[in-house]
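According to TrEMBL, the features are:
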- 36-61: transmembrane segment (TRANSMEM)
- 39-521: domain 'Major facilitator superfamily (MFS) profile' (DOMAIN)
- 81-99: transmembrane segment (TRANSMEM)
- 111-133: transmembrane segment (TRANSMEM)
- 139-157: transmembrane segment (TRANSMEM)
- 169-190: transmembrane segment (TRANSMEM)
- 236-254: transmembrane segment (TRANSMEM)
- 322-344: transmembrane segment (TRANSMEM)
- 364-385: transmembrane segment (TRANSMEM)
- 397-416: transmembrane segment (TRANSMEM)
- 422-444: transmembrane segment (TRANSMEM)
- 465-490: transmembrane segment (TRANSMEM)
- 496-516: transmembrane segment (TRANSMEM)
Amino acid sequence: MATTPDPVMSPYRDVEPGDVAELVRTTPPSGKKRSIALLAAVATFGSLLFGYDTGVIAGALPYMYLPRVAGGLQLTSVEEGLVGGILALGAAFGAIIGGRLSDRYGRRHNILMLAVIFIVGTLGCTLAPNVLVLYPFRFILGWAVGGASSTVPIYLAETAPKRIRGPLIAVDQFMIVTGQLLAYTMNAALSSANGGPRVQVAADPTGQFATGQWYAWDAVSTIPHLVVSAGNGQTWRYMLVLATIPAIALWVGMRMMPESSRWYAAKGRYVESIGALKRVRDERRDDVATEIGQMVEVHRLEAQQEKWTLTQAWRIRWTRRIIIIGCFLGFFDQLTGINTAMYYLPKILHAAGFSSANSITLNVVTGVASCIGSAVGFVLVGRLMRRHVGMYQETGVTLSLFALALVFGLGIGPHMNPDGTIANTVPAVLPWVVVGLVSIFVFIKQSGTVNWILVSEIFPSRIRGVAQGLAVGALWIMNAVVTFAFPVMIARLGAAWTYAVFGAINVVALVFYIVVVPETKTSSLEEIEETLQARFS
């Protein structure tokens, strides 16, 4: 005899607000309990990969510059910009596509797919025989980086209890900078073991260097018509391939984690939503029924309206304004110039007078400053209002950039040779002042980063995935512009004017935080949506 399915266990059951408490009481967890700390640790392996894959290139580029016969890729300055910029373009694509995929198939499933793309992109870059093969795999790797940067913060924001949502999303930023520090440390270790970029001289028309001997590439790279027979340029491949280890850990770990309960609720799958939420909630501290009730109410109101696409959301006054704010949060995050330090710090320190080998090693100093700054930021976002943290960041970053401009312009500039090298007359303290200022700049930027938190919170649930993908895509497009433009700006304008330009832009960003950015700290995601609709309608 046919039976009617149990309405309580139907994943697509219509739920009235009065039914929520009973449904929560009778629905068991959908699997083994997972602590929020474990979930965050596993999911943010994607952010660690984001950090490693963007940070490792700083140490790899000096080896890529070596001639092909020496194991390098014989990069030009334009190719250097493309190696960094193509990853950022891939990340913009990955963020936009990743937002749509995570809305359609779920946050967890998207992260699992991204782990596989991380592995494919990393192996492709590692094995690339030349720069033309490297480009498409850098784009693929960027796809994974961008997808992770848009999906992981949403997964954390939708899974975290309101009381720890800000600090939990700050863990995402901490793991990004931890990945960068890991990359810098491995770069320094491998570079030190290999003695820095070195080549074996086969013939020197000037007679300055003995045939058959090994020399630092810095010492011989300016010799015209120099012939080399070997080198340690393959070192960059070992730097890149290490990223496969956390990628595998991400794939294995995410298979044990639940899907976002809010994603289930947005699809009307309330039983699965309750089951997933119970896996990551301490029912002695968290009111699951109230939390589910808010999701049900938001979904009920949304169901009474036409389903939104991004185009339709753009036509509505309040959602259009939020989308614009989200995109500008992404733009200004990159226009701090932080990624000039991430990608090109060895180049910056070389311009300040350090050797390539020492520049790679000193990258670790700024990596440590970045991690400490992110840890401080973890505390700040838990105690201060989001806007106040953002204003602190922009004030400190602006002052740091103008200070760098002054040191390069008035301190190091007068000691520059016509070929761009530093004369021996430069005061020995000035290169170390640059290291200190860059470290302060990085510390302030990372301790004040609330962009990722705000972008994870401000969008309405109907378009959260795709809108966050658009905002993070805007971030990565600006990343690509800055990454490609920075070497050209350094060559054409010099370091002083380059940092002055970035400083001026950040004055505008400070005004943006003061005047435009909304506050989200004390509200649930559903309450934020109601508040912003009332403010911007």
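Cβ atoms here come from the backbone N, Cα and C positions, even for glycine.
Just so it is clear, the model here is predicted, and its values are computed rather than measured.
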Q | Beyond the flanks of the transmembrane segment (81-99) by at least 6 residues, Cβ under 8 Å | A | 53-54, 57, 61, 64, 75, 110, 114, 131, 134-135, 138-151, 343-344, 465-470, 472-477, 479-481, 483-488
Q. Apart from its near flanks, which chain residues at least 6 from the ends of the transmembrane segment (364-385) lie with a Cβ under 8 angstroms of it?
A. 55, 164, 166-167, 169-171, 173-174, 176-178, 180-181, 183-185, 188, 341, 345, 392, 435, 438-440, 442-450, 453, 519, 521
Q: May I ask which of the stretches 36-61, 111-133, 139-157, 236-254, 465-490 has the most CB pairs under 8 A with the transmembrane segment (169-190)?
A: 36-61
Q) Which residues of the same chain, at least 6 past either end of the transmembrane segment (236-254), have a Cβ under 8 Å from a Cβ in it? A) 41-43, 45-46, 48-49, 52-53, 56, 59-61, 63-64, 72, 108, 111-112, 114-116, 118-119, 122-123, 125-127, 179, 183, 186-187, 190
Q) Sequence-remote contacts (6 or more beyond its ends) of the transmembrane segment (465-490), Cβ cut-off under 8 Å? A) 77, 80-82, 84-86, 88-89, 91-100, 102-103, 107, 142, 146, 149-151, 153-154, 310, 313, 322-323, 326-327, 329-331, 333-335, 337, 339-340, 343-344, 347, 351, 451, 455-456, 459, 497-498, 501
Q. Short question: which residues 6 or more past the ends of the transmembrane segment (111-133) have a Cβ under 8 Å from it?
A. 43, 46, 49, 53, 64, 68, 73, 75, 79, 83, 94, 98, 101, 140-144, 147-148, 151-152, 155, 237, 240-241, 243-244, 247-248, 250-251, 254-255
